[in-house]
Number of protein chains: 2
Amino acid sequence: MKREQIIYENQFNLETINKFASLMTVGNGYLGVRATHEEDYTEQTRGMYVAGIYNKALPNETSDLVNLPDLVGVKIKLNGQLFSLLDGEILSYERQLNLFNGELKREVMWMNKDGARFKFIFQRFVAKDKLHVLASKVTIISLDKEVNLQIVTGINAQQTNFGRQHIIEEKLRIFEEKYMQGIYTTTESGHTVALASSFLYPSESKVSYGAKNRQLQSTVDQKMVVGNPYVFEKVGTVFTSLNNIDVTDLDKLSLNSIKHYASQGYDLLLTESALKWKEFWEDKRIYIHSTNKFDQQAIDFALYQLEIMTPAHDERFSVGAKGLTGEGYKGHIFWDTEIFIKPFHLLNDPKIAKQLLRYRYLKLEQAKEKAIKNGYNGALFPWESAFSGEEETPEYAAINIKTGERQKVASALAEHHIVADIAYAVVNYYQATLDDEFMKKEGLALLKETSRFWISRATEENGKLVINNVIGPDEYTEHINNNAYTNYMAYYNVEQALYFMAMYEEVDNLLIKLCRDFLDRIYLPKPNGNNIIPQDDTFLDKPKIDLTSYKKRQGSQSILLEYSRKEVNEMQILKQADVVMLLYLFPDLFSKEVILDNLYYYEKHTIHDSSLSKAIHAIVAARCGETTIAYKLFKEACLIDLGPNPHSSDEGLHAASLGAIWLAIVYGFANISFKKDRLALNPELPAEWEEINFPIQYRRTKLIISLTRNEVNITRVFGPELVIEIGNQQYLLTQNININLSNFYVTKLRENTTTKGD
Amino acid sequence: MKREQIIYENQFNLETINKFASLMTVGNGYLGVRATHEEDYTEQTRGMYVAGIYNKALPNETSDLVNLPDLVGVKIKLNGQLFSLLDGEILSYERQLNLFNGELKREVMWMNKDGARFKFIFQRFVAKDKLHVLASKVTIISLDKEVNLQIVTGINAQQTNFGRQHIIEEKLRIFEEKYMQGIYTTTESGHTVALASSFLYPSESKVSYGAKNRQLQSTVDQKMVVGNPYVFEKVGTVFTSLNNIDVTDLDKLSLNSIKHYASQGYDLLLTESALKWKEFWEDKRIYIHSTNKFDQQAIDFALYQLEIMTPAHDERFSVGAKGLTGEGYKGHIFWDTEIFIKPFHLLNDPKIAKQLLRYRYLKLEQAKEKAIKNGYNGALFPWESAFSGEEETPEYAAINIKTGERQKVASALAEHHIVADIAYAVVNYYQATLDDEFMKKEGLALLKETSRFWISRATEENGKLVINNVIGPDEYTEHINNNAYTNYMAYYNVEQALYFMAMYEEVDNLLIKLCRDFLDRIYLPKPNGNNIIPQDDTFLDKPKIDLTSYKKRQGSQSILLEYSRKEVNEMQILKQADVVMLLYLFPDLFSKEVILDNLYYYEKHTIHDSSLSKAIHAIVAARCGETTIAYKLFKEACLIDLGPNPHSSDEGLHAASLGAIWLAIVYGFANISFKKDRLALNPELPAEWEEINFPIQYRRTKLIISLTRNEVNITRVFGPELVIEIGNQQYLLTQNININLSNFYVTKLRENTTTKGD
């Protein structure tokens with residue numbers, strides 16, 4: 001285990017307490033538990049979430065990812081004084097999230113106000129091999145004095161989503177003086193949640209149980225002798241009615257499980273879970289030999305988080321914008337999943353990618369209903385989605401406290417590119433897997449219905465089809481016409497539908513005719529005299545301002561403090577650049593010169609207030625051989641969650657930006673792309689990287705790709721032989737290959753373009 | 001202002017943080033604000049309540065007194081570090097609730113971890129002369145270093161009732177960069193609540209506003225120079241749709257009011273409010289010259305709390321079991337109000353007593369409905385009542401966590417004495433006021449309907465009427481037959497109905513006939529051979545156990561940890577003694593010998609786990625001249641909230657027990673009683689009391705009564721002349737009188753009975 005695979009916190013700091021609670025989340029895709037301290041702090045937001053458990057607190061609100069009753073909190077009293085690190089003196093403090101085995105561990109040496117010293121070790125993990133299990137262990141050593149120790153812990157249903165309560169307390173039980181169980185239901189969505197907790201303490205302890213004010217608690221009293229470690233373990237299980245179990249049996253399952261797992265004990269459970277993590281890292285880890293050790297940590301962190309945010313166990317839900325790390329965006333699912341998160345899974349474990357697409361397929365009916373409601377045909381997927389598949393975007397934004405008005409949120413009404421993003425992900429999946437079984441059924445259904453939407457969405461102007469009044473990924477320009485990203489994506493969507501209909505001999509003549517007509521007549525913005533592709537019909541005519549000061553405060557949306565949203569809309573100011581996004585998704589659509597010119601033009605006007613922005617710019621820059629700027633952007637993208645901003649991640653991590661770290665390495669610097677019938681590789685490593693090494697799965701073949709600045713080494717681990725294009729050359733990969741890169745096109749292009757720059 | 005009129009807290013202590021939050025509540029009967037610190041602590045339960053604003057969080061729950069969005073919390077950051085008394089070092093700490101002017105004030109000298117010292121003064125009050133206004137003022141002095149100060153405060157709707165959310169955030173506004181306003185509705189009861197807050201800070205401060213996650217906040221940044229006090233004021237207003245204002249105008253009223261009051265400023269508002277408090281104390285204070293200074297503090301505290309718990313402004317609600325100091329018993333209204341709280345108002349400001357009875361009159365329809373639902377006639381008042389007048393007793397008790405079963409709560413089904421308690425209070429009101437207008441209408445209606453209930457409630461056994469399957473005030477014996485308290489109270493209820501029907505020539509011959517029959521045949525338990533009145537048909541036959549150890553843990557219901565409720569029910573174990581309660585309400589029903597024998601018998605079997613118990617025992621003992629035991633019980637009763645138990649009052653004060661402190665002095669030691677046509681006085685002061693002095697109003701005459709152990713001095717302040725019975729003598733009070741007590745009957749009785757004792 002290398003030091004890079006550990007996330008450290010070396011100081012107790014209230015200011016970053018919620019950032020680290022998100023960063024150090026433990027989970028397994030089913031369950032996510034924020035890394036809140038066992039003891040309470042007023043600024044600390046506890047959170048435990050189960051993928052798919054959403055609820056509406058009020059009829060006119062949208063669904064929240066429910067913050068479940070807490071299992072993690074422990075009150076510790078020493079001679080009647082509540083333990084808090086604010087009190088007394090911290091003699092030493094170190095907390096670490098071990099990415100390698102999934103364990104969160106905190107070691108504190110602390111002196112109370114009377115000068116008595118104590119050592120605390122807090123350990124916790126969510127089992128990787130057992131979806132429903134979390135476990136914790138607390139060790140307390142009194143170093144100077146005999147003291148009375150009291151520990152209070154249990155299941156606390158006072159937890160809310162920032163004051164919104166979703167949970168009804170149905171049953172509370174103690175079994176065998178040892179197991180606590182709470183059965184809860186959600187108020188609107190009707191899910192049942194069975195939480196159980198065992199509490200193992202030394203046998204000489206005095207224990208009592210009680211339930212009051214939505215808390216089920218056990219209290220243990222014990223004399224602590226000097227130097228003698230007091231150790232207690234708390235194992236928890238979480239089951240819900242989503243587990244397809246008859247609700248009447250949930251209690252039994254919950255009780256039997258807690259008995260079983262508690263009897264195994266913390267250490268054994270951890271060993272078993274750690275084995276699964278070991279497999280994960282052996283299978284999927286990326287190695288970066290960089291002069292900057294942080295690069296390795298950033299990608300390890302990203303992979304750990306991508307793994308624990310993805311509900312690989314169930315196709316009925318997908319990945320929320322904050323994974324299971326916090327309540328930002330209410331746990332809703334955006335285009336982030338298909339475009340930023342799915343690729344990692346696609347090239348590592350394609351069945352997870354399929355499952356994420358199956359989620360959309362299973363919500364096709366709701367998408368069709370949304371299309372009809374909005375006056376369109378086909379499938380209009382919700383901008384924000386949750387369990388039901390219905391539109392979950394709040395109808396109104398937060399109240400403008402100066403005017404008292406709530407602005408209508410336009411995303412659900414106009415941010416339609418998500419439809420094509422899903423279609424893109426479907427095709428992408430097929431390209432990497434050739435999974436005809438999926439493509440014939442789910443894939444084709446998705447492609448056809450999304451095409452139907454675009455056909456109905458376009459309107460005719462002077463013989464051309466135009467797509468008016470949309471919002472592209474750049475949410476600083478709303479209600480614009482012929483957004484380049486949207487129009488090209490729509491074109492691709494319909495084109496691919498036609499392609500796969502032909503391939504599978506689908507006889508839907510009317511749709512085929514409509515698709516052809518759409519492709520013939522849809523307006524696709526072309527580069528202007530300066531090579532610039534207009535982001536929309538009016539964008540390039542809008543005034544420009546100097547964005548330097550706002551760029552310095554990236555991510556804070558500081559521009560909106562000085563300009564109204566409407567004013568921003570009327571200037572060349574981008575949250576993220578749609579054209580750059582387009583160039584990322586279609587690397588071969590324009591010449592490298594056009595790509596570079598657009599990259600620099602739009603970057604200048606982009607604040608990068610979106611966490612999705614930088615890594616994509618990095619990819620496009622890397623592909624153009626602009627590795628210096630690419631690496632700079634990459635490093636900045638890695639800091640979105642891991643950087644010094646104390647509040648960047650309070651309400652959860654930026655799931656898409658974590659996916660984008662992987663994208664930047666694999667699709668950017670390694671420059672992997674899918675040609676129609678083969679995989680292509682055009683690496684452009686930054687000067688700081690001596691070597692990178694990563695696995696991918698492509699069409700059932702698993703490869704390990706090792707790259708230096710001059711060499712490509714590819715090992716075929718398993719699967720059929722494969723043609724790979726490296727530079728302009730094609731190679732048949734039978735076993736391992738080793739290629740010297742020095743004469744290649746990409747390098748040449750870089751030499752041609754070094755006169756450009758920012 | 002005497003030191004006794006101040007409640008002190010001399011030490012910051014997490015363990016008692018909620019006790020003192022209840023004890024030091026500021027309020028005015030409309031509004032109650034718990035004395036939580038401005039800064040947050042994890043163990044601290046904030047609370048602001050408006051009388052009458054109840055809501056059901058879920059359809060199958062009962063109403064909660066809603067914990068409204070918080071106006072009191074202030075986050076203070078000094079050089080980016082959040083201020084908390086857990087952190088750094090407390091150099092001095094004093095908090096005081098000034099009962100005399102209603103102001104809560106905290107002065108803290110504090111040193112942060114870097115050794116920089118700060119002085120803080122926090123002041124707060126709820127206006128006594130302006131129902132809707134609360135105001136606070138914070139002074140901060142940096143004593144050693146220039147620091148950056150940040151203050152964050154606003155309106156926080158994350159507040160819940162222990163996790164139950166009642167409030168929908170409807171509108172949030174900032175006006176004129178100065179006034180914050182939040183409009184909220186309750187989820188089920190449909191009340192609207194308009195909260196506003198002004199925030200006045202020195203003009204050089206930088207201020208910004210924001211709203212997120214149910215919080216509306218202002219943030220002020222300011223450099224603090226050494227020694228220069230930084231002072232800011234926050235004035236708040238609370239209006240609700242209960243104010244009979246058109247809801248559409250609530251925002252305007254709220255905004256105009258906050259502008260108006262904020263412009264007056266903290267000091268002026270306090271001066272005006274303090275004037276009202278001064279009037280209150282001049283009018284109603286009791287003076288006790290005792291060797292034990294705590295006695296004066298206890299009665300001052302009781303009067304302050306009785307005043308701020310009573311919604312004297314509105315007859316649509318009454319006094320909850322915890323007043324407006326906390327969420328215990330969910331803010332519900334019990335018999336406590338009529339029997340323990342109303343008498344103080346009756347003898348000080350009878351229109352408030354009338355209003356509390358009007359509350360019951362206004363809920364007569366709901367009481368009749370409850371009677372019908374339960375198979376009875378007349379009016380069966382709910383055991384727990386709130387805004388609607390419907391039964392609010394939870395159908396089931398808390399889950400028994402060992403068995404998983406919820407026991408049915410029997411009180412709503414069997415604790416029927418509340419019907420007669422209300423009738424008793426009606427008659428009592430009339431005796432003290434001769435208010436024929438009330439009595440003819442509301443009083444008679446209440447007496448008739450309650451009588452109808454009892455007539456239907458009784459059943460025939462061997463020619464006698466019996467009342468089976470009830471619970472008396474002593475809730476440790478459930479489902480018993482012919483409870484002495486209940487039967488005698490029912491008799492009195494019907495007897496008085498008959499009396500007032502005759503008086504007002506009510507022609508309801510059927511009811512009159514039924515009443516007469518009831519009085520003829522109702523079984524009234526008589527003293528047995530040992531002078532003991534059986535509490536119910538079987539009580540005296542039940543086994544006895546030694547209660548010494550449980551009495552030591554009075555109030556904790558420790559007996560229930562060792563015996564099941566059912567086991568307790570089958571022994572002579574009392575929470576409070578029904579017979580003693582009966583003897584208190586009817587001092588002339590039995591001979592003094594019988595009274596004394598019963599007092600000692602039942603006291604031995606009473607744990608006093610009910611906070612209503614001790615003061616009543618004290619009264620009965622005092623009346624018998626047993627002043628030593630009476631005073632001991634009185635002192636213990638005064639400690640129910642003010643005593644050392646750190647958690648006795650976490651969820652609010654014991655409103656009835658505070659009323660009972662007044663009762664013990666006036667009805668106990670001064671031994672005031674109402675004879676049919678006159679007021680009687682038979683004082684028995686304890687040895688510790690040199691003199692007491694108290695006002696009462698009786699039949700429109702206001703008296704000041706001064707008592708020493710040997711003398712009675714009575715001053716007629718206003719109102720008609722009055723006959724007063726002192727000892728066995730009657731006096732016509734034209735002006736002041738002065739009587740020497742030495743030869744009187746009560747004294748003699750005491751001499752006769754001194755051989756008895758415990």
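Cβ coordinates come from backbone N, Cα and C, glycine included.
Annotated active site, proton donor per TrEMBL: A:Glu475, in sequence order. DSSP assigns A:Glu475 (active site, proton donor) to coil in the three-state reduction, placing it in neither a helix nor a strand. The Cβ of A:Glu475 (active site, proton donor) has 18 other Cβ atoms within 10 Å, all protein chains considered.
Summarising the annotation, TrEMBL assigns substrate binding site to A:Trp335, A:Asp336, A:Lys575, A:Gln576. Under the DSSP three-state reduction, A:Asp336 (substrate binding site) is assigned to helix. For A:Asp336 (substrate binding site), the number of other Cβ atoms no farther than 10 Å from its own Cβ, over all displayed protein chains, is 27.
Summarising the annotation, TrEMBL assigns domain 'Glycoside hydrolase family 65 N-terminal' to A:9-241.
The feature domain 'Glycoside hydrolase family 65 central catalytic' is assigned by TrEMBL to A:300-662.
When the domain 'Glycoside hydrolase family 65 C-terminal' (A:674-732) is classified with DSSP, helix, strand and coil residues number 0 helix, 41 strand, 18 coil. Taken from TrEMBL, the feature domain 'Glycoside hydrolase family 65 C-terminal' applies to A:674-732.
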A:Glu475 (active site, proton donor) versus A:Trp335 (substrate binding site) - Cα distance in angstrom: 13
Segment-level pLDDT (mean, integer) for the domain 'Glycoside hydrolase family 65 N-terminal' (A:9-241): 96
Spatial neighbours of A:Gln576 (substrate binding site) that are distant in sequence (at least 6 apart) but have CB under 8 A: A:Pro473, A:Asp474, A:Thr606, A:His608, A:Asp609, A:Ser610, A:Leu612, A:Ser613, A:Ile616
Sequence-distant neighbours of A:Lys575 (substrate binding site) in its chain (C-beta under 8 A, six or more apart): A:Asp474, A:Glu475, A:Tyr476, A:Thr606, A:Ile607, A:His608, A:Asp609, A:Ser610, A:Ser613
Listed in sequence order, residues not in A:Trp335, A:Asp336, A:Lys575, A:Gln576 with Cβ within 8 Å of the centre of the substrate site Cβ atoms: A:Phe334, A:Pro473, A:Glu475, A:Met581, A:Ser610, A:Leu612, A:Ser613, A:Ala656
Whole-number Å value of the largest CA-CA distance among A:Trp335, A:Asp336, A:Lys575, A:Gln576, listed as substrate-binding: 16
Number of Cβ atoms other than its own within 10 Å, given for A:Trp335 (substrate binding site): 24
